[in-house]
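Here's what Swiss-Prot has on this protein:
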type     : residues  : note
DISULFID : C72-C106  : disulfide bond
DISULFID : C92-C118  : disulfide bond
DISULFID : C123-C164 : disulfide bond
DISULFID : C150-C177 : disulfide bond
DISULFID : C265-C307 : disulfide bond
DISULFID : C293-C320 : disulfide bond
DOMAIN   : 70-120    : domain 'Sushi 1'
DOMAIN   : 121-179   : domain 'Sushi 2'
DOMAIN   : 178-262   : domain 'HYR'
DOMAIN   : 263-322   : domain 'Sushi 3'
SIGNAL   : 1-24      : signal peptide
Amino acid sequence: MKTGSLTQRGALLLLLLLAPAVTPTWYAGSGYSPDESYNEVYAEEVPDTRALDYRVPRWCYTLNIQDGEATCYSPRGGNYHSSLGTRCELSCDRGFRLIGRKSVQCLPSRRWSGTAYCRQMRCHTLPFITSGTYTCTNGMLLDSRCDYSCSSGYHLEGDRSRICMEDGRWSGGEPVCVDIDPPKIRCPHSREKIAEPEKLTARVYWDPPLVKDSADGTITRVTLRGPEPGSHFPEGEHVIRYTAYDRAYNRASCKFIVKVQVRRCPILKPPQHGYLTCSSAGDNYGAICEYHCDGGYERQGTPSRVCQSSRQWSGSPPVCTPMKINVNVNSAAGLLDQFYEKQRLLIVSAPDPSNRYYKMQISMLQQSTCGLDLRHVTIIELVGQPPQEVGRIREQQLSAGIIEELRQFQRLTRSYFNMVLIDKQGIDRERYMEPVTPEEIFTFIDDYLLSNQELARRAEQRDVCE
C-alpha cells in the first residue's frame, strides 16, 4: 500500500508540473482562434462539466453584426452579452436582409449555435422601355425611386415612378411610351395668279409641304385634297389641303388658298342693227370681240376690239349703217366686189315684167323681207329685153353694160324665167327654173350656207320675223 500511494503522488506532481507548459489555443470567452472573424456553427461538443463556468463574462466572443444588431439575454443579467447560455436575437438594419439564424446561443463549446449576416436588399434591374428611359435615385437598392421619361414626341402611359420595396419587388407596373403627337406639317403660302390671256384659268405650281414626325421621324403617308401642282385652276378661290400620317396613325393637316383672278373689261354692247361675237368669256383679258351688222347694213369702223390687261377695250366701237351700193361702176366685177363676204345675192331674171313666174316670185319675196335681211340676202332683178331691159338693186338702176355682164357671168338667159343664188364668196350655189317659196330658199341657206356665227345668231333671232 505504501508503494501505491507513492506512485499516485508522483503522477499528480508530474501533471501539475507539465500543465503550465501547454500553450492555450483560444482566447478567454471567445472560443475562436485570432484569425476567425465571422459567425460559424459547430457541432455541439460535450464539455468537461468541471470546466463550465457561468460566471465568466466572455464565454463566447462578442457578437458584432455588420449592418445589423444582436439583442442578447444572459442568465447573469442584461450587462452580459456573451456569457455561457446567453441567447441573442439577430436583426438587420433597414435595407438589409438577414441570412442565417435569427437566434443564436452561447454554447458550452464557447461557440455560438449558428451564424448569420446582413445582405443588402436589391431589386432586379429594370428593363429599358421602348422610346424611353429611366433614372434612379439609388440604383436598384431599397427605397430607390426610378422615374421614367419618354423620348421627344412620345407620351408616357402608366406609372411614372417605381420604388424598390422591402420584398425585392418594384412597385407599380412597367409603363410604355406611346406616340400620340401628330406630325408637324407646314403648307406653302397661299398664292394669287392672274389668268392667262384669252383664258379663264391659270396654271399654278407650288412646292410640297414640309412634313416632320415629332417621334421617330417616320411619315407613312401624305395625301392631297385638291388639284395637283401644275393644274389649271378656274377663276375663284380654291382650298388645297394636305394631310400627313405617322407610323402610329396620328395625323396632321394644313391648307392654303389658290386664288385665280380674271381681269375683265366692261361688257360691250352690240351695235344697233348688228351683233357681237367674242372669244373666250367675251370680257376677259385677251378676249377678242368682232362686230357684225345685220343684213342690209355694213360696218363703219374697226372690225374687232381686244380686252387689254388694263381692263380696257382697244379701239372704239364701230357702227352699222345702211349698206350703200354704188351702181356707178365700170364693170359687173366692181359691182359684185361690194358684196364680197358681206351679202348673198339672189339674181332674178325674166323675159318681161308680165311674166307669170316673175310676178309670183317677186310677190313672195317682197313679203319675206325680214327673213332675207336676217340671212344677208340682196335681190338683183334683170327683167325685159334690150333696149327696154331693166336692171335694179332696190331702187337703184343698173346700166345696160352691167346688166349684160351679169347675164354672161352668171349664165342667165332672157328667154325664160330663171334665178341663181350666190354665196358671200361669189360662188353660184343654187339655180331655180321656176318660182320657189321663201321657206325653201331659207332652208337651203340655213342648211348649207350659214357660218357658225350666223347659226348662233339665227338661234338668237329665231322668232324675230314672226
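The backbone N, Cα and C atoms fix where each Cβ goes, and this holds for glycine too.
Positions of Swiss-Prot features highlighted on the structure.
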residue	record	Cβ within 10 Å
C72	disulfide bond	20
C92	disulfide bond	20
C106	disulfide bond	28
C118	disulfide bond	20
C123	disulfide bond	22
C150	disulfide bond	20
C164	disulfide bond	26
C177	disulfide bond	21
C265	disulfide bond	21
C307	disulfide bond	28
Task: Between C177 (disulfide bond) and C92 (disulfide bond): CA-CA distance (Å) - done: 39
Open item on the list: Using DSSP and collapsing to three states, where does C293 (disulfide bond) fall: helix, strand or coil?
Closed with: strand
Task: Mean of the pLDDT scores, which run from 0 to 100, over the domain 'Sushi 3' (263-322) - done: 93
- [ ] Determine, to the nearest whole angstrom, how far the Cα atom of C164 (disulfide bond) is from the Cα atom of C265 (disulfide bond).
- [x] 83
- [ ] Would you kindly give the Cα-Cα distance separating C106 (disulfide bond) and C320 (disulfide bond), rounded to the nearest Å?
- [x] 141
TODO: Might you list, by sequence position, any residue in that chain lying six or more from C293 (disulfide bond) with a Cβ less than 8 Å away from its Cβ?
DONE: P271, H273, G274, R299, C320
Open item on the list: Quick check for the class: what is the C-alpha distance, in angstrom and rounded, between C177 (disulfide bond) and C123 (disulfide bond)?
Closed with: 23
Open item on the list: Just to be sure I understand the packing, how many Cβ atoms besides its own are within 10 Å of the Cβ of C320 (disulfide bond)?
Closed with: 21
Open item on the list: With DSSP assignments reduced to helix, strand and coil, which class does C320 (disulfide bond) get?
Closed with: strand
Task: Cα-to-Cα gap, C118 (disulfide bond) vs C72 (disulfide bond), nearest whole Å - done: 17
Task: Spatial neighbour of C307 (disulfide bond) that is closest, considering only the disulfide-bonded residues C72, C106, C123, C150 and their CA atoms - done: C150
